[in-house]
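S.K.: What TrEMBL shows for this protein is this:
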type	residues	note
DOMAIN	4-301	domain 'Carbohydrate kinase PfkB'
BINDING	12, 13, 14, 40, 41, 42, 43, 44, 142, 259	substrate binding site
BINDING	186, 226, 227, 228, 229, 230, 231, 258, 259, 283	ATP binding site
BINDING	253, 255, 289, 292, 294	K(+) binding site
ACT_SITE	259	active site, proton acceptor
Ligand code: RIB
């Protein structure tokens, strides 16, 4: 049976400028190239899960405009079902303005548009209709808090595995900490969730392990922290910690690496593999994804993930 994943989150159109450096406040940098890509953390993760072999349905919102229609067409072309996407009248589809520098680091400003109007009522009816056929639900937080809460609560009540990607950290993430969802912060989000200063995110793996253990003991669920070039950190609900080392890669653009991680994690959990194995595949997939420019271009297929792991 093909594993099934339901993704609830944002869809954007990304306008990406590749420049020598990221601009500071008030500075203009002139880039070498500009390109349009599919984006949004929810839609990106849906594509990653589909490439990794899952049957994926995406739930979100677009405006009644050309950007929205082409965003959905791109998702369909990647094998993602979009029959439960809400169309918001008189509202633009979400757009992200992204600058990527020579080291592959990025700076992103999102105009949420229709994502900000995704209604909890729509999510309730769409998730309820799909849940009986779903192996794993993945939710990210670039959408209204009420929509996030409804999706997570429905999945948990139905006994369906749930992954909550707190990107960005919003008030609802704190309220859902006891829900049983697997949390997947990056190190900055982990610092925010544990009330450390986000600047403290750079204090190293040991510090992240301390924070992730504290978070897991509050949430009584696993916490999987993405550490960028340091790999990933898995902390179980009982506080056992293991770091999965980074997979060697060429870094061209880190945009969407976290989304790739989350999509592949959900696809593997849907397949029924254990959490450590799922995190190992997600870590390899995220490393492969940064070798191409654009959030989705480098997302690996199932076969590419297997090959990367075989080569380790
Ligand atoms: O995680 C990367 C994504 O964040 C981009 O695709 C952009 O649209 C923003 O949502």
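Quick reminder: no glycine exception, Cβ is built from N, Cα and C everywhere.
Caution: TrEMBL annotation is automatic and unverified by curators.
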S.K.: Work through the binding-site residues one by one (186, 255) and point out the residue whose CB has the fewest other CB atoms within 10 angstroms.
M.R.: 186
S.K.: Would you kindly give the Cα-Cα distance separating residue 41 (substrate binding site) and residue 255 (K(+) binding site), rounded to the nearest Å?
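M.R.: Roughly 10 Å, rounded to the nearest whole number.
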S.K.: Can you tell me which of these binding-site residues sit near ligand 1, meaning the Cβ is under 6 Å from at least one of its atoms: 12, 14, 186, 227, 255, 292?
M.R.: 12, 14, 255
S.K.: Quick one: pull the CA-CA distance for residue 14 (substrate binding site) versus residue 253 (K(+) binding site), whole Å only.
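M.R.: Answer for this pair: 13 Å between alpha carbons.
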S.K.: Need one number: mean pLDDT over the domain 'Carbohydrate kinase PfkB' (4-301).
M.R.: 95
S.K.: Let me know the largest Cα to Cα distance in Å among the substrate-binding residues 12, 13, 14, 40, 41, 42, 43, 44, 142, 259, as an integer.
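M.R.: Comparing all Cα pairs, the maximum is 15 Å.
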S.K.: To test your reading of the K(+) site: which residues beyond 253, 255, 289, 292, 294, same chain only, put their Cβ within 8 Å of the Cβ centroid of those residues?
M.R.: 37, 252, 254, 256, 257, 290, 291, 293, 295, 296, 297, 298
